[in-house]
Amino acid sequence: MTSARVEESLDGNICRCTGYRPILDAFKSQSVDADEQLKCRLVDIEEVYKGHCKKKKGSGCGGCCKDMKKGVALTSEQTISTEMGQWYRPTSLIRVYSILKNLRTAEKFRIAVGNTGQGVFKNDGPYSVYISTVGIKELYSTRVGSTSAPVVLGANVSLTRAIEVFRDAALESPGAFAHLDVIANHWQFVANVSVRNIGSWAGNLMMKHSHRGFQSDIYITLLAAGAELTLGHAADASNSYINLEQFLVADMSRSIILSVSLPPALPNTKFRTFKVTPRAVNAHAYVNACFRMEVDIENDYKVTSKPIILFGGINPSFIHAANTEEFLIGRKLNDNATIVEAAKILGSEVKPDNHPQDASPKYRAQLAQALLFKAVIGFLDKVVGVRVRSAGPIIERPLSSGKQSFDMKKEIWPVGEPIPKLESATQISGEATYLDDVPYLPNELHAALVLTTQANAKIKFVDATEALVFVEERCLYAGQPVGLVVAEDRNAAIRAAKLVKVEYEDIQRPILTIKEAIKSGRVKVGQNVESFKAGTSSQGDVEEAMKTVPHKVRGELSQGTQYHFHMEALAARVIPTEEGYDVFSTSQWITETQSATAQVLNVPANSINVSVRRLGGAYGSKISRQNLVSTAAAVAARKIQRPVRLVVDLNTNMTCAGWREPYYSKYEVGFDDSGKLLALKVELYSDVGHVPNEPSVGILVNVLQNVYYIPNLDVTPHIVTTDTAANTWCRSPGHVNAVATIENVIEHVASYLRKDKLEIRMLNMVPANVPRLYCPAVERNVVKEDIIPLLKVKAAYHERMIEVEQYNQDNRWKKRGLSILPARYTYIYLPEWAYRVQVTIYQHDGTVAISHGGVEMGQGINTKVAQVAAYVLGVPLNQVKIKATETMIGANSYVTGAFLGSDLCTHGVKVACTALHQRLEEVKTRMKADTRKEPTWQELVKKCHSDHVDLSEQYWTAAKEHPQSYEVWSACCLEIEIDILTGMYMIRRADIIQDCGRSMNPFIDVGQVEGAFLMGIGLFTTELVKYDPATGQKLSNGTWEYKPPTALDMPADLRVTLLPNTMQPKGVLGSKATGEPPFCLSYSVVTALRHAITAFRTENGDDSWFEMDVPLTVDKVHQLCGINPDHHFKLE
Ligand SMILES: Cc1cc2nc3c(=O)[nH]c(=O)nc-3n(C[C@H](O)[C@H](O)[C@H](O)COP(=O)(O)OP(=O)(O)OC[C@H]3O[C@@H](n4cnc5c(N)ncnc54)[C@H](O)[C@@H]3O)c2cc1C
């Protein structure tokens, strides 16, 4: 397999933790064309498996090497009765027909080939009969075709196999089937590799048959190819042949698709297809389109017959752009007037429908016109000049690459040693145990939440006698848990929960956005945590300064929410015990889970034991929202006095719990001719959901100043409430929004003065030792002095800026943007941040066990803790084990978050181990004096034990011995390319320099930087949430609608440097936290996009400032470019 295939194969995987680069590197290391450095980093897993074979030379293997690939070949028919219905697995078509003939009139059947359709339309059915046709050989037949014979695919042929057949046909008969290569390219972007490998083209067509609004890529491409279907009819086992338009209205109630045939095309056929999506891969189209025209090239590209112009994603009945097709007959494509007129006609016949979950009708209509232009320019190709030719191609993504550089100073290894996370082997092999992996106890029950479907309404009636009702009055948001159903198995609980009916009355229109909330007066001034005062925090005198500033501008910025997208759902198991309850919880904060459970059950805290082995990601979602689930399970466990397990599914998780707070900021900034900021007034509004739980707006005065000095500053925090789930902290909470706000201000100033943005940034850098509002004065502005100079060199900033400007001049329809963005993050140890740690050395063999109050959630806290213990005690790392976090040893520990857990737990372990080390050293000195030789570690430990020296040490990491705060500095240089006609974009390269002091573990820290950065890219680009305006239901509540970045959305070239030669004198062993600060750098994607969009707008005579609310989805980018077909669709 090549590296390119590896990359394509990861188009369906979502990873929040890593930023994908290490995953890609690991797989690419096994590819045939892998980089030599990568190749030596990993052993092929198949080699590992061979290495473990117990076979001795000359003897049999004994079974460990059994070829797992050989599945059980089913050749005979199988029938199974299930709760869902009857399942058949026939081996002939005749048998399928007889099953269908025996169905009663009202009975519905479902054919299961890949059965992937259920992932899209989850609520289809119910069906009484399921027929798996995978045993019917003839449905897998394929024929490659020739100049006189069509390509044929059996109905069960997978999309992957079909792509291969299309490519073979195009290769063998390019004159007849070149268009199938175009279709193959299009299908490569359908779903993801796992769906394409098992999903059939026929299954896809049937989904279109039942759901006319489905923007099926398979349907429009096959229609454009002039495909003909063969249907088989159960009534008389006959066949019929229909085209795809007839298929949509065909009665398929007792018929099945047998095959499709695709005829050869005429040699003068031009064929293009498009799929415009919210992210690079694994997303359904906003709009998809096919253009097929027979043209006479010699005669100015005259269209010689009726062309085919098809669109999906417009409205359920719109497929053919019939008027445009009619208009183009006999027209010359090489005539500007033809294109402009055709776009006008198309604009008048495309009437997109308007659903809240879709992109705006305006965008979809304009996109249809843009795609027509794109197709025609592609057909004309070299006939048009290079600048205009840039309209034709889509953005090609190169094979991605990553580079990481960091210091490798060995003096305190294993602290600072780049080693994989201790749990990584068990995690990748699937042996690491998460909450729901624990086998069920014999009497364990399963619970499922009942959720409301309406926001801001009174609950009139709940029809569920068995449900435990939580809400009796008003429901505050759609998705609020209203009850809990407990059953013997999970499926029964989930099904029963769905049957509970909730009736509503006094339904009020829900308030869903900050601007609506402000209008309705649901806003109050927030409190600043630094001053403990509500209202404005000030430095200097803004009002006075504003009177004399040479320039003033006002602006605003809206920033959206973000789902944490942790892999492990919110979950809890509560087991009644003789002393109270054992609670196993996906909690980032065991102490709070203990208190919440005790409070809800009204029992003392000492009857609740909370334990967490590890979390499958959290990012803040499991700080407080977790308690929704654990307290619900606790109520049920107490009532029924049996263990209860509640694990929510993705939709429930995304609906019932709040996400990142959306933000809105308004500002007025005053500055001089050079761009120096003189006065700034900012109003920050945070949407906390229906109730403020942990609003972040009060901690942002410091953050908002980022790396800049603003002599006169007013910052006013506001909290608004909306009829949505209570929001919560999410990686870099509020910080990222404050950094975005000030960076937006800087961009605004630069735009107003028409000056270089980096120049304005550098001009306003805070000097050393200058105090700022709630910001400790810095000894050195590390971004200014060290990071940006280094970044300019590493990223070849000046050279690339010249290249970008040149590229933008040379290309009318593709634009690039390049931007450097600095960030500073202050870590403040508030007194409540404290953890309990315990280190124990076992006398038996000298091994070490540690338990600490922090929670391992993928951030590597356990590895860093073990590294520190091994270093201080002077034992090998493999002698140290970290135990689960629980409320006995980790009693009263604070939340693990903001990376402070890693900082403080490693600190606690260092102190505890130092104390142990000192005790052991005293004994060692005595032993050496007695025996005149150095005792081994084990001898020393045994001696300590026999001398009654305590081999355990615990520590409470109260803040006393810490610095109050420290600064983390970083900067990023990011380059982006936009396809103006579609709005789609690709991050070409990102260079990040991150200060993390003397890294405790560069592998982990680089991973944190990459993961945080990509999560931020998602926040600012693809991750858009939509609500139903009438009910307040979250429409983006699954992977079909909500789009975190994939491996193919990450920067094509990602280079991370941990700032060399830094040592944080105040931190633990010289290190600094890395989990959150790099998140803020991701706003560079927005500033780079602004550069690219501005290039297009300026070329069209508008270089004024424009607001850019985030996330900047593909449709928004397109709309900001403001294409006007009449003026812009030019051939020259
Ligand atoms: C995550 C994901 C992303 C996707 N993205 C896209 C996308 O971007 N673009 C796009 O176009 N599609 C997309 N799809 C749809 C995907 O292409 C289809 O799910 C797949 O092709 C269906 O094939 P299947 O074999 O799994 O069908 P199944 O799920 O097995 O069947 C689907 C339907 O077809 C019927 N059926 C199957 N075979 C026959 C037959 N021979 N005769 C009559 N009826 C039959 C079944 O009864 C059922 O109603 C996506 C799907 C998923 C899960």
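Glycine too: its Cβ is placed from the backbone N, Cα and C atoms.
Curation does not apply to TrEMBL; its annotations are automatic.
What TrEMBL annotates here:
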- Glu1076: active site, proton acceptor (ACT_SITE)
- Cys15, Cys17: [2Fe-2S] cluster binding site (BINDING)
- Ser200, Trp201, Ala202, Gly203, Asn204, Lys275: FAD binding site (BINDING)
- Gln588, Arg731, Ala898: Mo-molybdopterin binding site (BINDING)
- 80-267: domain 'FAD-binding PCMH-type' (DOMAIN)
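Inclusion criterion for the binding-site residues Cys15, Ser200, Trp201, Ala202, Gly203, Lys275: a C-alpha placed within 10 angstroms of the C-alpha of Arg731 (Mo-molybdopterin binding site); this criterion is met by none of them.
The two recorded residues, Trp201 (FAD binding site) and Cys15 ([2Fe-2S] cluster binding site), show a Cα separation of 28 Å. Checked against Ala898 (Mo-molybdopterin binding site) by C-alpha proximity, the binding-site residues Cys15, Ala202, Gly203, Asn204 yield Cys15 as the nearest. Of the candidate recorded positions, Cys15, Cys17, Gln588, Glu1076, the one lying closest to Asn204 (FAD binding site) when CA atoms are compared is Cys15. Shown in sequence order, Ala618, Tyr619, Gly620, Ile623, Trp729, Cys730, Pro733, Val895, Thr896, Gly897, Phe899, Gly1075, Glu1076 are the same-chain residues outside Gln588, Arg731, Ala898 whose Cβ sits within 8 Å of the Cβ centre of the Mo-molybdopterin site. In this structure the alpha carbons, written CA, of Gln588 (Mo-molybdopterin binding site) and Ala202 (FAD binding site) are 46 Å apart. According to DSSP, Cys17 ([2Fe-2S] cluster binding site) sits in a coil region rather than a helix or strand. Candidate recorded positions: Cys15, Cys17, Glu1076. Nearest to Gly203 (FAD binding site) by Cα distance: Cys15. When the Cα atoms are compared, Lys275 (FAD binding site) and Cys15 ([2Fe-2S] cluster binding site) turn out to be 24 Å apart. When the alpha carbons of Ala202 (FAD binding site) and Cys15 ([2Fe-2S] cluster binding site) are compared, the span between them is 31 angstrom.
Among Gln588, Arg731, Ala898, the residues given in the record as binding Mo-molybdopterin, the maximal Cα to Cα distance rounds to 13 Å. Selection of the binding-site residues Ser200, Ala202, Gly203, Asn204, Arg731 by a Cβ distance under 6 Å from ligand 1 yields, in sequence order, Ser200, Ala202, Gly203, Asn204. Checked against Glu1076 (active site, proton acceptor), the binding-site residues Cys15, Cys17, Ser200 differ in C-alpha distance, with Cys17 being the nearest. Residues within less than 8 Å, Cβ to Cβ, of Cys17 ([2Fe-2S] cluster binding site) and separated from it by at least 6 positions along the same chain comprise Gly617, Gly858, Gly1007, Gly1011.
A Cα-Cα distance of 27 Å separates Ser200 (FAD binding site) from Cys15 ([2Fe-2S] cluster binding site). Minimal Cβ crowding within 10 Å, among the binding-site residues Cys15, Ala202, Ala898, is found at Cys15. Of all residue pairs in Ser200, Trp201, Ala202, Gly203, Asn204, Lys275, the annotated binders of FAD, the farthest apart have Cα atoms separated by 20 Å.
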